[in-house]
């Protein structure tokens, strides 16, 4: 121990292999640090030293990262100069627990740069934190990657002196993991934000944003298991439907299938247009809407044909009289409503990113019900034509009038829309408690089953007797009840939709991009039409319609943008809105006489106040 000078001449400054002995103490004293003292050996000594160093490090953290002279703190490495953990160096760096390799008497820092003799391996603070004196100090250390050295195969390195079992990652770049070290060290605001699964809004038609998705962002998502389950179900159900149509077409007179298809195609076109316009702000992707319609027409109808037959036969084994009277009322709602509701579930499982609010489930359910109703009615029309003989044309047309025109507007499409809204409420309203979401979904699905049950049941016949007029009265009564329920649910879904849009553009109302009255005018299709009719002249209504379309597209695009402040699409829409506003301001000022006060929006909104609107 008396030959410390000789050891120093042999090893040189900063290359000491141990801090014990004369040389270690002399070197530590030269650096202004207290040398490590020998204490109790074993676990007791380690626990005592750990407690002392932890207390000193905590005190250093309270002092802004400066260690008291002579304080202990956590020693970085055995066999290296005992630099205290958490200390802030002169150039704004934190000392870090670093396994540095020795190359020619020189250490290497975190980035692989060679350090001079005695240089402490450290990491530089992010911009702005070194000057402020902030950052992580004290005992919280981030360990650097271990240096490459021989390890047993199949053991992944943890970044410190320990190993854990499991296969190591092969072919990964250094530092790769769940998140890179540079990303972890950077502030949260500097990290790139991953864009959510968004929709491409390429325009507005009919008062709502049109969605044109790239390939793989709509229905075609083969990496989802539900996509293949959809195709298998479609193949099974489609096979049953095609077989049933082929048998009934062979039994019916020639031309019956063509006439039935033409009649229901004419009926379907305006109904599809009406359902498509139920969306207020964001049209559903065409591929997903078509998938819901096709599921209802092929998968749900084909599977229901087999399920209904099995269900009624099972009821007949229990009670043949009950099965004859109440079998369709029990079997139909149970199998058909379940299978149609699965269309909405499939859409959620295939592409959850395009399923946002309650109105989405309402529309998808209505489309699935329309597909089911059209295919089922064509099958029934062929059966009636086969039984009518020479008067098959009249029988087929009568079937179309009863099942399509009178009973078709409030049956399958309405029932599946109700259950679809229940599924959508459960999936999208994550801000509500789970028990409430389950209750709403169960109530709406049960309500659709009940309405279908009443429609199929012989209640009116049992209470009032039979007759053609009584049957029509029952259809109209059931239809009116169903229509009232659907209107209430649709208005509730629209209220949620409008509240979402008002929240999205609330900052833009304060910024002047929207006025409170304009936001209120966008609540429903009816309020939009009234706002257009308030404009005078030939150009006024057209400019008002363009302004509404641009504002709707702006709100929808803003809700999907990861960074609205720098989004070029939003900047372009802001310029478009400003240009339309300037064109409206240049119109001749001949206000239309107001015969009544301006109507309030149908849904409550805290953004619209009559006093502010008139003052503006």
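Cβ atoms are placed via backbone N, Cα and C, with glycine included.
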Matching range for TrEMBL feature annotation, transmembrane segment, among 189-207, 208-226, 227-245, 322-340: 227-245
Candidate ranges 141-162, 163-184, 405-426, 493-514 [criterion: TrEMBL lists as transmembrane segment]: 405-426
Can you dig out which of the ranges 27-55, 56-84, 85-113, 288-316 TrEMBL describes as transmembrane segment? 288-316
Stretch among 288-316, 362-385, 405-426, 438-454 sharing the most Cβ pairs under 8 Å with the transmembrane segment (460-490): 405-426
So, taking each listed stretch (227-245, 288-316, 362-385, 438-454) in turn and counting its Cβ pairs to the transmembrane segment (257-276) that are under 8 angstroms, which one gives the highest count? 362-385
